[in-house]
Every structure is written in C-alpha cells, then in structure tokens.
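J.: Let me give you the structure first, and then I'll get to my questions.
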Amino acid sequence: MKIRSDIVRMYRDIHSWVGIVCGLALFIAFYAGAITMFEAPLKRWASPPMHVTEHTPLERTPELVEKVLMEYPKAALNYDITLAPDLERPARMSWNSGPRGSGTTYYAELAQDGSLLVHSEGPSAVGQLVDDLHRQIGILVDHDIAMPIMGIISFLYFIALVSGVIVLLPTLVKDLFILRIGKNLKRMWLDFHNALGLFSLPFHIIMALTAVVFAFHDQFYDAQGALLAKNDRIAMEEHAELHRNQVPLNPQQIVARLKEQSPDFEPVYINYHYEEDHGVEMRVAGSNPRYGMRGATFGFAGVDAYTGDLTMTGYMPGEQDGWFATVTSFFALHFGNFGGNPVRWAYFLLGLAGAVLFYTGNLLWIETHRKKRRKGYEYLDVQQTRASKILGALTVGISLGCIAGISSTIAAAKVLPQWTDAVGAWHTGIYYAVFFLFSAWAFIRGAARGAVELLCASAIATLLIPLVSLFSAFLPGFGWNHGGSSYLIDIVAVIGAGSLALLARKTLQRIHRAPEYSIWYVGTDESAQSAGATEPETDAVNVASSPT
Amino acid sequence: MSAKLPKAQQLSSANWFGKASAGVIAGFMLTLAICGLLAHFGPLDVGYFSAQSQISMWLMSPVWGLIMSFCFLFRNGVHAWAWLGSGNAVLWGLLLGSQYLVGQGG
C-alpha cells in the first residue's frame, strides 16, 4: 500500500511521541492486567485459611440474617448471602460498613449452638492491590485523580495504535513475516515490535477503547445528557412492586426459582439492598459458562425478592436481548471472561506481550533519537543524549520495579498476617518500596548495568513466591498451602523467575559486546567521548527512515 | 519538542498543536453530534440508562479516537479547526433543527 512519505513521517513522529508519553504507564497496566487474569487462583493462593470452616446451613440463613440485623441494624441496607462460601467469599453472610464498599467488610456465621460469629478477616488484599495497579496504571492516588490520567493515557494509546499501523502499512507486505535477526539490532527490535503490535492489534484496540470508556463514562454520560437528552423520557428502571407485610423468599427458594427461569445460570451470591421507597431489592450475581459477563467474573440478575421473578435481565448472562448483549460484549472483551481458561491464558499472554511491546517501543525511541540527531553530522560520533539515558534508566527501573514489586508483595501475602494487622497497607508499602528502589537503582547505575542487576533481583523476588509456599509446606505454623489451582501461581512464578534470570544472562552478554554508542554500553563516559571511533553499523542509519 | 528535530521533519509534525486542539475540542463536539444524530434518527438513545443509550456513550470512544487520530491529516491547525468546525455547524444544525421541527410538529 502506498502512502505519501511525508504522511508516514508525520505519523512516525506522532507514534513515537505519543508512545513515549504513555509507554511506561501502559507497561504497568498490561503487566498487572495480565496477572489479574488469574485473580481467582491468586486470591486463593494468598488468602489465609478460613476463620470459620463450618458454614451456616443455607436453610438457617433467615435465622442468621435476623440475628445479624439485631446486632448490626445498618447491615440491613446492603448485605450479601453467599451460596457456597470459599476463600474469596469466606462466610454465609457479609456486609460492608461504609458506603459503596469503602468501609470494613464483616463476615457472619452461626455457631453450632446458634450464637453469632462475626469477624472481618476477608480474602487477601494482594489481589485487590494488583487490580488497583492495573486500573490506575500504578498510580495509587485518589480514584478521581487517577482515572482521568488513565483515560488520557488510553486515548493517547489509541492514537499510538492508529499511527503505528499507518507507519507500518507501506511496508506491511514486505515486513510482516520477517524477523531480521542479525547484526542490525535496531532492525530486529523494529521487526519484533511490528510483528507483536500487528498480530495483537485487535486486542490492543479493544483495550484502548474500553479503557477510555472506563475512565470517562461519567463525563460522556454527562455531556450527552446535558446536550442531547430528550426531556420527555421517563426513567425506565423497573422496580419490584411494593409488597408490604410480606416475607421475602429464603435463599433456597430464590435459587430454585432462578433454576426454573434460567437453568444454565449459576448463582454465586445474593445481594439484598434496601430502598426507602420500594423495599428490598435483590440482585443475584452469577455466571453462565456459555456467555460473557458484565462484571469481571460475574453477571447480575435483578430478582423480585418476594416472588423470585426475574425483573431485570439486562446484565444477566444468557438472558440478555441483543442490545444488552452488545454492551456486555464490550466489557467481556476487556475482562476476557468468556470462553473459560483458554481465553484467560490467551489474555494473560497477550497482556505480557503488550508489556513487551511498550518496552521494545521505548528502546526503539532511544535508538531513533540518537540516529535523528546524527543525521547531517555523520562524520561525528553521536553519543546517547541525557534524555536517552534518562529514558533508558526509567524504562529499566519502572518496568522491572513493577515486576519485582508485584512479585515481592505477592510473596509477602503468606508472611504478613502473622506479623501485622494492617495487611493491606503493608502490601501497598512493599510494592512501592521495591518499585522506587528499583527506579532509583536504575538511575544510579545506568540502564545497562542496572538492567542486569535488577533483572537478577526481579528473578529472586519472583522466586520468593514459590519459596514461601515451600516454607509453608515444611515449617509448622508458617503460611499455608491450599492446593488445587493455587499451585498454578507457584508454577507460573518459577517460569517467570527462570525467564527473568535468562534475560539477565543475555543482557550481561549484551552489555559487554554493545558498541560504544549503545544505551547498553557500560564503558565510562570519558573513554567513550575520547575514543572517537567510527560507527560500525553505518547501514543501520537509514533503515528506520526509508519506508520502501 | 520540534527544536531537536531536523528541519525536513518539522514541516509535517511541527504544527501539531493547532490540529490536536481541533481534534480534542471540535472533535469532541462532533462526536457528540454524531451520537446525537444516531440517537435521533437511528436506533440509539441518549439520556436514560437503556442499552441503546449505553451504546451511544460507548460510541464516543471510537468516534472521538478516530477523529483525533486522523485530524493530523489537515494541512495545519487553521484547516483542522475550519473543517471540524463547519462539520460541527452542519451536524449540530441538523440535530437542533430537526429537534425544533419535530417539536413543532408534535
């Protein structure tokens, strides 16, 4: 395909500047996002054994609810009944003391003798931390500040995707299936970057566009509501009729009524929500293996608490009309919650590949930056600039800091509960301590030396994950192992640590062979400037700027 | 940013600010108008929480993103503002005009 060379050149500039602005934030979002694909096994791996293992029988739930509401009347506003308690939802009844889940979550069971057992030991906070890092691109400030930043980054990311494709189009047929591994390392990285970007393009377009909406949906709704809304509409939300003096159905009856109406829907928990003007509102969260879901792991059905009739099926997997199924597909495509484990693994790998895409993009920027400065001054030996050195250190420090920070805070999950009550704060603290330590180290040591040392450190941090599991198995009173799919975390961590160690080895070889002008060169600055050697890779100069 | 680039490349991406600002502001208004037209004449909706109005909201992201991505093809910022601005005038005129007429008829 022919595109005017000035257009290609312009979009190459746009691609590199936009890419450099959002690349590192996207690295964090993609790396953490890849890990959230295994949030369920991770939560199981990281959560302490359940406080109470004997759960209240489902048929005694009304008694449990009655006793909780006597002691905690505020819980009546909003509480959940979990149908099959597990490590993620560790009790029959749970509620949160603050508005919109901002307070402490309490868990309640009935003891054998009918007395009430209430505790607040929920699943490990580390799963939520990884999810927050993913959603707020590693900036754990107030949600209202982080989300617009994330939205702008996602918007730039979409522009980077379009401009990247435009730059690639003229040489698409020639370049697509080629990976030129050879002396010209920039060419190889560019081929790799192109192939990775193009083959995962649909995934990236989905992520960019959905992330923009996740960040800005309030603003979009407000703008449309203010400028486009037709005023003669009435609110469509359906509410169950008011059933005064009637008793809501018990959970077993609700489950039975759902089974009648939607046999494939697998309910997980029932949410009771009290509204002043229309009594108890009920939402049942669950999944249907044949359909994608609106939430990350659940869809929702609105149910009449008194009759068990479905009142709202717009977010209920398997019972949606075409319009709602379309809306749900946008969410499902982002969350990868369709198609079961194969899709989860595919999203995991695509997420990691995305992180690699941004990493290689930054390296290409550094190299192109040097070559552009060299144009017209070929007789001079152009060294890396300060900007390139800073970007190199940032790329190495932030990427590896994110990897090692997440690994160490996950590994800490099996240790922290024995030492402290503020587990959540410690998880966040450990992540940031490692993250900033790594970033600082990369600046002090430079990109090249820093990369080798930090890759080794990342490998060790990741190896801590299976090590704490191993200690838990042999040291009495230390940690726990739940078995089953939670071993997946240990296995993936071993593979990850191995890959990082391998990369460390390769980088070590590279920095000792790298030419002087390279960002990976480890010689001192003085000797590099005085050497004045001619550049060995002269043929590489025009590669990036000639589209044909 | 452009000071560091060689002169030959400044011609194309140097005047990015005018184009980008047109893409952000005029592009956003144009996107709103397109969503409004699809809601008014097409199957979509705005203003209340139906699936159709959710799709209108979702449509903001790809439409605005595409305008933003291709606004750099205008020769300069003035062109970008002129074209996107007149696009706005036409679409908003159509939208507001038809609402007014429908309002009169109904």
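Backbone N, Cα and C atoms are what each Cβ position is placed from, and that goes for glycine too.
Pulled these features from TrEMBL for this protein:
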TRANSMEM  A:16-38  transmembrane segment
TRANSMEM  A:149-173  transmembrane segment
TRANSMEM  A:194-216  transmembrane segment
TRANSMEM  A:345-365  transmembrane segment
TRANSMEM  A:390-413  transmembrane segment
TRANSMEM  A:425-444  transmembrane segment
TRANSMEM  A:451-475  transmembrane segment
TRANSMEM  A:487-504  transmembrane segment
J.: Among A:16-38, A:149-173, A:194-216, point out the range having the most Cβ pairs under 8 angstroms from the transmembrane segment (A:345-365).
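T.: It is A:16-38 that shares the most Cβ pairs under 8 Å with the transmembrane segment (A:345-365).
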J.: Can you name the far-off residues of the same chain, 6+ from the ends of the transmembrane segment (A:390-413), with a Cβ under 8 Å from a Cβ of it?
T.: 20, 23-24, 27-28, 31-32, 35, 42, 45-47, 124, 126, 129-130, 133, 138, 355, 359, 362-363, 365-366, 384, 426-428, 430-443, 446-448, 450-451, 454-455, 457-458, 461-462, 464-465, 467-468, 489, 493, 496, 500, 519
J.: Which one, A:16-38, A:149-173, A:194-216, has the most C-beta pairs under 8 Å toward the transmembrane segment (A:487-504)?
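T.: So the stretch in question is A:16-38.
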J.: What else in the chain is close to the transmembrane segment (A:16-38), if you only count residues 6 or more beyond its ends and a Cβ gap under 8 Å?
T.: 130-131, 133-135, 137-139, 149-150, 153-154, 156-157, 159-160, 163-164, 211, 296, 336, 344-345, 347-352, 354-355, 358-359, 361-362, 364-365, 368, 391, 394-395, 398-399, 402-403, 406, 488-489, 492
